[in-house]
Amino acid sequence: MSLAASAGRGPGTMWSPTHVQVTVLQARGLRAKGPGGTSDAYAVIQVGKEKYATSVSERSLGAPVWREEATFELPPLLSSGAAPAAAATLQLTVLHRALLGLDKFLGRAEVDLRELHRDQGRRKKQWYTLKSKPGKKDKERGEIEVDIQFMRNNMTASMFDLSMKDKSRNPFGKLKDKIKGKNKDSASDTASAIVPSVTPSVDSDDESFSKDKKKKSKIKTLFSKSSLQKTPLSQSMSVLPTSKSDKVLLRAGDFQSQWDDDAHEDESSSASDVMSHKRTSSTDQQPNQSNFSLPKKEGLSFLGGLRSKNDSLSRSTVCINGNHVYMEQPEARSEIRESSPSNSPSPQGFRRKHLFSSTENLAARSPKEPGEGGGTSSDRRLSDSSTKDSMKSMSLPSYRPLTSGDNRESMSPANVEAARETKDSKKQESKKSSLLSLVTGKRDAAAKGSESEPLPTVSEKEKERKGALVEAQLREEDLMRRPEKDALPVASQWGSSLNPFEDVQISDPGATTESRSEPKPPVPAARVPQTKAVKPRPHPVKPMNTTATKIANSSLGTATIITENLISEALMKKYQPSDPAFAYAQLTHDELIQLVLKQKETISKKEFQVRELEDYIDNLLVRVMEETPNILRVPAQMGKKAGKM
């Protein structure tokens, strides 16, 4: 069976076949046994005890055609001569089928497969002469054409070798196996890679010795037991382990969510927000609520910038033109926008709230303001301004610059542009003071003249005209500066002098009323340019640049919506238990990293095993191409299979 035993016997005997395929093609010169010189012939193919019969070729004129094949397994030691002659002999018998009685004999031929394999090689097709039965007189019986092909089936050879090796033909061998503890049912260490072993690993009493320990003395091999435990790795390296890998079932209860505390805080804050929309503050409590003292930093929630509901700035109210605006509802919309890197409430955030709270009043009163600017008489404007000043002193006594038009421009100035705004505001104040000096000087002279002697009515009319001209110039300058200021941030339209946290100091209501009444002259006609000079924008709400405010509000709104959507998705996204991602949704970052590393290691091991299998298949394909390349070809005509008898 070994290659070394068959070496040196010709080019065709370098390998030992395991199977032989016999194809009976046709016959000629057969004797006629039927009516009209015909015969119903069929052939019987036999190797050892296996027999196959072809189909019957009816009414053939001595030349039937079958083209049927049969495959036989050869004994393992065919080339060494140890097999019996009958096991290595191919017998071909041609018979005539009889309707009644036994079939009639037409001829027979015998082929020695060992000699054919040694002399002819792998495949041979030739005509063989049919002979009579042994002990009978030879007659002319014709010939039969047979195609004989030797093959080697690696799987059968490997299994056959294992079965022969495990059989103990010697009684001393059986005794030796019992002493060594070798069991008949135990798997062999030399198991083939083609047939992977599914037998589990046995104990140390049932294991066999390695080749190195067989070289030791007989006493040690007979009475010593190996301490090694047999594993599936002692088989071929190409065999994948059949044991299943341990699977870890992850559950949501094994891990604690880090969003639970934040979810409870969000629910409590939303509940308190709904309950805090009641108007319970009176006009006496409003000045205390609009206090400018900065609150202390309180505990921050998950986002890091949300203020608590007890914050005085978030609960402050503003009275604009007699309409009370409460700051609880706008805060819920601008929570994400107020989360700044400083992580603490600031006056900038307070002024940012006024922008959202005063947009409705701006939209309602903006078309009415231009008509109120210059279309009324001086007496009517004085009465309106006095009533408005009284309302302002009641609502915000210490925050006059904010009520004079700063509510609609409540965006906080940037730290980078603070110096630039202060310079612009100083320039504007210097120009306004120069214009005011001209007006007040003339007004003081008019006051002195009125005390000494009454002036004619013509001089009073001229002063009114001059005051109107100065007022028109101030309006033109404001209109010219407005597009330049709109290009800057919204908060930079007014100088730093109008910022209540920089220039305005908190004072009592009485002091503010006295300071307001001091610059008023006794002449009622000259009060109009004076009030216009001190307050260039007398109304708290004036028409704004609609395009700039729309762009700013739209950009802020879209940014807020995007951030709110992202955070809501991060907080509210939940997986169903049937979803495969549910097992990984509650894992932490470190646990996910460990899981990925384990999966990567498992994949690398499987890739190594697949690579070994690919190498084995490549080597096996090379052997097939060398030994039996004909099995890789597609035959032009598939042969018929002979029926087994």
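Backbone N, Cα and C atoms are what each Cβ position is placed from, and that goes for glycine too.
For the residues Ser210, Ser378, Ser383, the entry in Swiss-Prot flags phosphoserine at a single position: Ser383. Comparing Ser224, Ser236, Ser554, Ser578 with the features listed in Swiss-Prot, the residue bearing the annotation phosphoserine is Ser236. Within the set Ser204, Ser390, Ser452, Swiss-Prot records phosphoserine at Ser204. Residue annotated by Swiss-Prot as phosphoserine (from the set Ser186, Ser272, Ser404, Ser604): Ser186.
In Swiss-Prot, the feature phosphoserine is attached to one residue out of Ser60, Ser358, Ser496, namely Ser358. Long-range Cβ neighbours of Ser434 (phosphoserine) (same chain, at least 6 residues apart, Cβ-Cβ under 8 Å): none. Sorting each residue of the domain 'C2' (1-128) by its DSSP state yields 17 helix, 59 strand, 52 coil. In the three-state DSSP reading, Ser434 (phosphoserine) counts as helix.
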